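What Swiss-Prot records for this protein:
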BINDING   Glu59, Glu84, Asp111, Asp134  S-adenosyl-L-methionine binding site
ACT_SITE  Asp134  active site
BINDING   Lys138, Asp170, Thr205, Lys206, Phe207, Glu208  substrate binding site
Amino acid sequence: MVEHSPHRPIRSFVLRQGRLSNAQRRAHETLMPKYGIPYSGKLLDLAIIFSRSAPKFLEIGFGMGETTALIAQAHPQNDYLAAEVHTPGMGSLLKQVEELELTNIRVIQHDAVDVLQHALPPECLDGVHVFFPDPWPKARHHKRRLIQAEFVDLLCSRLKPGGYIHVATDWEDYAEQILEVLSGEPHLSNTAVGYAPRPEYRPLTKFEQRGLRLGHEVWDVIFRKKQGA
């Protein structure tokens, strides 16, 4: 695997001033000290952060947090570190964590690429979820798409052997790119022939259910890190 440069001039997101509800603001202000992990650029010890030894998963760009909360609730035996840059989504997930009394989620409000490069040690993750990343549909913006070869190499370096990367998208041309990029990583192997069926652990969101009723498709791509890689 390549040496990963700390310099990253092209970001896969734009920080927009989204509407922050009063409930999201309160949750962000009151619950970040309890569930939030400040980003310092120093390595994190996930066993200490979660106060136990358990399978560890990284959730990248969780939106409003519905899927992340449902996954964590259904799998209390696992721990989930959730990275997101947008405050409304962070507040929304924190509110759900408190309401559902989840003890297996911690959040970090920072760019996931920096978190992977500087805060997570090699081979510390059992899985990575990247559900519905920004598709950047215009051709001139494709360079901003998160799933690129260098990023996948970085993800792979943080996975334990046997750990997996799961990406889901509802943009067909992005799905094709994701499948091509992950297929090009020599340390990964596809868990399916082409696209994978949606696994039971990824719940259908209300947005996705509505899209499916309208005939929209969703593509899941799941690759696993080879043993000995």
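For all residues, glycine too, the Cβ spot is worked out from N, Cα and C.
Looking only at other Cβ atoms within 10 Å, the busiest spot among the binding-site residues Glu84, Asp111, Asp170, Glu208 turns out to be Glu84. In the three-state DSSP scheme, Glu59 (S-adenosyl-L-methionine binding site) is classed as strand. Among the residues Lys138, Asp170, Thr205, Lys206, Phe207, Glu208 said to bind substrate, no two Cα atoms are farther apart than 26 Å. Here the binding-site residues are Glu59, Asp134, and the one whose Cβ sees the fewest other Cβ atoms within 10 Å is Asp134. With a 10 A radius on its CB, Phe207 (substrate binding site) counts 15 other CB atoms from all the protein chains. Cα spacing between Lys138 (substrate binding site) and Asp111 (S-adenosyl-L-methionine binding site): 22 Å, rounded to the nearest whole number.
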